[in-house]
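Trainee: A single structure is presented below for examination.
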Amino acid sequence: MFGRPGGKVALGWWSEVARSNPFHAYLHQRNRARVSVRSVVLRLRAGDGNSKMSSVYINNSHAVDDDDFYDRNLALFEEEMDTRPKVSSLLNRLANYTNLTQGAKEHEEAESNGEKRKASKAPQMGTFMGVYLPCLQNIFGVILFLRLTWVVGAGGVLQALCIVLVCCCCTMLTAISMSAIATNGVVPAGGSYFMISRSLGPEFGGAVGLCFYLGTTFAGAMYILGAIEILLMYIAPQAAIFIASAAEGEGAALLNNMRVYGSICLLLMSLLVFVGVKYVNKLASVFLACVIVSILSIYIGALVSAFIPPDFSVCMLGNRTVNGHALSDNQCAKTVLGAVTTAIWKHFCDSSELNATCDDFFTHSKFTTIQGIPGLASGIITENLWSTYLTRGDVLEKPSLPSTHVSAPATNQRPYVFADITTSFTLLVGIFFPSVTGIMAGSNRSGDLKDAQRSIPIGTILAILTTSLVYLSSVVLFGCCIDGVLLRDKFGDSVKGILVVGTLAWPSSWVIVIGSFLSTFGAGLQSLTGAPRLLQAIAKDNIIPFLRVFGHGKANGEPTWALLLTACIAELGILIASLDLVAPILSMFFLMCYLFVNLACALQTLLRTPNWRPRFSYYHWSLSFLGMTICLALMFISSWYYAIVAMVIAGMIYKYIEYHGAEKEWGDGIRGLSLSAARYALLRLEEGPPHTKNWRPQLLVLLKLDEDAHVKSPGLLTFASQLKAGKGLTIVGTVLSGNFLHSYGEALAAEQTLKHLMDKERVKGFCQCIVAHKPRDGISHMIQSSGLGGMNPNTVVMGWPQAWRQSEDPQSWKTFINTVRITTAAHLALLVPKNISLFPCNSEPCSEGYIDVWWIVHDGGMLMLLPFLLRQHKVWRKCGMRIFTVAQMEDNSIQMKKDLATFLYHLRIEAEVEVVEMHDSDISAYTYERTLMMEQRSQMLRQMRLSKSDREREVSYRWPDHSNVRRMHTAVKLNEVIVNKSHDARLVLLNMPGPPRNPQGDENYMEFLEVLTEGLERVLLVRGGGSEVITIYS
């Protein structure tokens, strides 16, 4: 702040300098004004005076002493402070930014409303607790404990390693793409859906978001089925409600038990989620501890087996595996002491006597016992390297054991261990892939992270590396420690129903059983907690109208309705009742989600959008495309029909959002791709003028607004929609009279009016509003500047000036004629519908009638092409087409008709042809009378604009001009012929004559057009653009 003495010294100094330099004098005066204003401000701030001074530079509501809007150093910008805030205030808002819950209003909108948010607790979670551990918990799941050993047994160690490696590579590449997206700006809470939707747009975002939701929901069903399988198979088999009376019904009984207990479990878990989500979150660490303890017990058991292999004997009859449940006396032999038959005897013989009739394979084979867990140092991996795929109903066999040559078929009446499902490489991929999902758990918690842009990439990638290492090492350990027969025994029947992976665990198999049950139960709770919130986020974004109800919930924001829908969808998975059938379903939905994450990253990278600046720099578009390719390949490898169904579902959702969803502009990559594609196409179009075969009407529709900003002739847009049938370029323009600086708001309102009318008429295109002092200048500017590159309008549609004779202001018809001249100079075609109010609307199709074309002069084929285009629309589809042409006395009318028919045949246009002969006749008295009336009216109007002296010099009467008489004669004769032939036509198209070169005859030109179209209900005046628009060549 400058003091007053300093100010006086400064003024004195400037006064001395100003005496010697006029320019300095100017600066001196300006500085005096500045100091005086400053002194006023200082006095007001010091309390000198009670009145408030309103600044002329800012709104009256803001006083000069308002620090938010007045700054001495920014006075030049003070008028724009309300729309362009100071950098300091902008940075202050950004610094106080807090993550919003997904599904709330966009943070930009929330900031702009000016409401002060309540201070919220700053997120404090780091990489380890916020990303790494949640990802571990979601990735490790039921497949690791229930199916990984079976995958290794069926596919062999090599193929199992290949499956695990491909699936882990898929998730790793997806995590790299996700990290790039997650670090490209702030990701609100619920980040996975936010990333996809904001990167690919609302259509892809909604489709993929719903697929991700369905995948998460079916994952909950899979976890529940896994928990129930552990309960009924390994913890409490006696709890089964349905018990099969025969071996054939065991599978159906198991599925029914799974359905009953699964439904009960789903109901209880849903109630728990509904009542208290906080308890679910608190138990998450307990469930994660169970997972870690279970995995550690497997590793310790594998190391212990190298020195002390656990005793799990598998009974074999020849090379066939015997069901351990049949060994009630624990005797894997035919007889004991050579005379007493064992419990297994009666399963193969008709009695327990030694002389009983027995199964041939039983008679010729011997019982042997093998170790199910030979141990880490046994070398069993050599037998487990290769695949052993089985068909449903096949017996589990050990190829290295001797077998009898008796080929007795194994039936389910015998106590063998059978394959319950036909296995293949593709099936194993579909079943295993859910065990690597869950990589987005960290991004879903982005709202709780201290530094999400750092924690999400590091935590997610480390979690994938950890889980991949665990899976790969587990495959090798299982192949090294467990016999192949036991590996292929999915439910552990050969070891009396013990969980197969539990046989390797240390110190007891119950560590794995209890740990896997709790962890699977917890994973199901997490899925039922996350899926409703994801659906609520989609519903609150309001991109899918029929999901709006699921955006509501309890007073605290809990998604009640979304939870109900999630439970119903999960019940469908429960009713399937088979873990092996549910796993491929959710694999499809997760793979589709991962595919589009990779696509989003690749698009953003290739398009090089200015906003694409990820902090995570270890990505490349080729990695994203590789991840996308792997996702697509895995979808079709695991189940091609499920893949097609998932794509169809996503496609239907995409089209629904595109046509019926709320419009959202999120600055997504698809819009960027559209811009790049449009730019490329426009540059290609610039290479040369379009060929005649590619010519199509690109319309510029000129509409006029009244004083209330309503369109005067909306029928013009209806006609344009019928002509275009919703295709091609359409620009709807209007001109406002005035100054653009003062009429900007009116121009925006006019554009909104035009957009509303375009939506109503279903016209796809753009609208343009120009403000000009004179309408004719605005129209000229619009015709010159509309379009871009090769997408310029080539046809102008404008209305006929109604009641132009009665109008006191001649500007309307003068503007009309001026527009005709401008279109001619610009080599544009011109369409003028006369009596547009009588044209049919889109809801009134013409049931019959003709479209008559009067081909007077050649205009490039416009008159031939327009009826063809109109008949593509439902309004004119049932109308026939007639073409009339005029023959003079010297023409051969018969040959003309043949030639015209041949020409239409080559054009592939069906129409009736007629040649009208016009004989030379004397000019009638009616023609002279019409010409005289026209010229007298013109003279009267001209005299009204003259002064009194000029009026006296003007000749009061003269004979009609000969050229006007000839033109009137042509108009009258043509009108007589047209009315005679086409009085019943639905629409008449005829050539529009050009305006006179001398502007003084403009009034006569309008009169000629009136006479030419007199007595016709619907007329379309057509004026070609000077180029051919139709060709007979292919």
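Glycine residues also receive a Cβ, built from the backbone N, Cα and C atoms like all the rest.
According to TrEMBL:
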type	residues	note
COMPBIAS	104-117	compositional bias 'Basic and acidic residues'
DOMAIN	131-307	domain 'Amino acid permease/ SLC12A'
DOMAIN	422-700	domain 'Amino acid permease/ SLC12A'
DOMAIN	714-831	domain 'SLC12A transporter C-terminal'
DOMAIN	847-1034	domain 'SLC12A transporter C-terminal'
REGION	102-121	region 'Disordered'
TRANSMEM	126-146	transmembrane segment
TRANSMEM	158-183	transmembrane segment
TRANSMEM	204-225	transmembrane segment
TRANSMEM	231-248	transmembrane segment
TRANSMEM	260-280	transmembrane segment
TRANSMEM	286-308	transmembrane segment
TRANSMEM	417-441	transmembrane segment
TRANSMEM	461-486	transmembrane segment
TRANSMEM	498-518	transmembrane segment
TRANSMEM	561-582	transmembrane segment
TRANSMEM	589-607	transmembrane segment
TRANSMEM	627-654	transmembrane segment
Trainee: Take the transmembrane segment (627-654) and find every residue of the same chain, 6 or more past its ends, with a Cβ under 8 Å from one of its Cβ atoms.
Mentor: 166-167, 169-170, 173-174, 176-177, 203-204, 206-208, 210-211, 214, 425-427, 429-430, 433, 544, 584-585, 587-589, 591-592, 594-595, 598-599, 602
Trainee: Should anything in the same chain at least six residues away from the transmembrane segment (286-308) have a Cβ under 8 Å from its Cβ atoms, list it; otherwise answer none.
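Mentor: For the transmembrane segment (286-308), the far contacts come to 133, 136-137, 140, 144-145, 373, 375-377, 470, 473-474, 477, 480-481, 501, 504-507, 511-512, 514-516, 518-519, 521-523, 525.
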Trainee: Mind checking which residues reach the transmembrane segment (231-248)? Cβ under 8 Å, same chain, six or more beyond either end.
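Mentor: For the transmembrane segment (231-248), the sequence-distant neighbours (Cβ-Cβ under 8 Å, at least 6 residues beyond its ends) are 254, 256-258, 260-261, 412-413, 491-492, 497-499, 502, 513-514, 517.
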Trainee: Count the Cβ pairs between the transmembrane segment (589-607) and the transmembrane segment (126-146) that lie under 8 angstroms and are 6 or more residues apart in sequence, then report whether there are at least 3.
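Mentor: Checked: the transmembrane segment (589-607) vs the transmembrane segment (126-146), no contact.
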Trainee: Taking contact to mean 3 or more CB pairs closer than 8 A (sequence separation of 6 or more), are the transmembrane segment (260-280) and the transmembrane segment (204-225) in contact?
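Mentor: Since 3 or more Cβ pairs under 8 Å link them, the transmembrane segment (260-280) and the transmembrane segment (204-225) do come into contact.
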Trainee: For the transmembrane segment (498-518), what are the same-chain contacts with Cβ under 8 Å, counting residues 6+ beyond its ends?
Mentor: 142, 144-146, 148-150, 226-227, 230-231, 233-235, 286-287, 290-291, 293-294, 297-298, 300-302, 304-305, 310, 312, 372-373, 477-478, 481-482, 486-487, 489-490, 492
Trainee: Which bits of the chain, at least 6 residues beyond where the transmembrane segment (204-225) starts or stops, bring a Cβ under 8 A of a Cβ in it?
Mentor: 141-142, 192-193, 196-198, 258, 262, 265-266, 269, 434, 437, 520-521, 523-524, 527-528, 530-531, 534-535, 537-538, 541, 543-544, 566, 569-574, 576-579, 582-583, 585-586, 588-590, 592-593, 596, 646, 649-651, 653-654, 657, 661, 666, 668, 670
Trainee: Over the span of the domain 'SLC12A transporter C-terminal' (714-831), how high is the average pLDDT in this prediction?
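Mentor: Mean per-residue confidence for the domain 'SLC12A transporter C-terminal' (714-831): 86 out of 100.
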Trainee: Other than its close neighbours in sequence, what residues sit by the transmembrane segment (417-441), given a CB gap under 8 Å and a spacing of at least six beyond its ends?
Mentor: 131, 134-135, 137-144, 147-148, 151, 154-155, 159-160, 163-164, 166-168, 170-171, 174-175, 178, 191-192, 215, 219, 222, 251, 321-323, 387, 389-396, 410, 460, 463-464, 467-468, 471, 488-491, 493-494, 579-580, 583-584, 586-587, 590-591, 634, 637-639, 642
Trainee: As a quick check of your reading of DSSP, tell me how many residues in the domain 'SLC12A transporter C-terminal' (714-831) are helical, how many are strand and how many are coil.
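Mentor: Taking the domain 'SLC12A transporter C-terminal' (714-831) as a whole: 54 helix, 24 strand, 40 coil.
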